[in-house]
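Have a look at the structure below before the remarks.
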Amino acid sequence: MLLSLTGLWAVWKFHDERKIDHLYTLHSWLGLSCIIFFSLQWATGFWTFWYPGGSRSGRAFLLPWHVFFGVFIYVLAIATSVTGLLEKSIFMQSAKMIGRFSTEAILMNSLGMLLVLLSTLVILAIVSPGTSRIDTYRGSSE
């Protein structure tokens, strides 16, 4: 979370120094949403699962929602990354810094596709039934 806030501060400062508007792209909206949702998820997870005052029934109720929002935030982070790559590529091509089929453009597109592949594999690992998983919140094993 500290790195996210540091990155947000650096981007804000960069935009101020170059007189660039803030929060005008989909990438920036997704990024800010990702930071906000992650902060809420972290705080909720801390108070529910780590803090000793949380009730067992409250943990059992929130666990599926915690998992769902964790996956949602992960997908949102991947979408933010991919739109950031797209935005940078468009800016660089518009300024004639790189060509459409230059090594840099192909590298950015390849990185975007690798991020999509990674997210697919991570989500598959999350939703696939595992072997010998232990449900620590209910005290049983599957």
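Glycine residues also receive a Cβ, built from the backbone N, Cα and C atoms like all the rest.
Automated prediction, rather than curation, is the source of TrEMBL annotations.
Taken from TrEMBL, the feature domain 'Cytochrome b561' applies to 1-127.
Residues or ranges marked as transmembrane segment by TrEMBL: 23-43 (among others). Outside the transmembrane segment (23-43), and at least 6 residues removed from its termini, the chain residues within Cβ reach (under 8 Å) are 1, 4-5, 8, 11, 66, 69-70, 72-73, 76-77, 79-80, 83-84, 86-87.
What TrEMBL records for 63-86 (among others) is transmembrane segment.
Within the same chain, residues 67, 71, 74-75, 78, 81-82, 85-86, 88-89 sit at least 6 positions outside the transmembrane segment (106-127) and bring their C-beta atoms closer than 8 Å to a C-beta of that stretch. What TrEMBL lists as transmembrane segment is 106-127 (among others).
In terms of DSSP secondary structure, the domain 'Cytochrome b561' (1-127) contains 105 helix, 0 strand, 22 coil.
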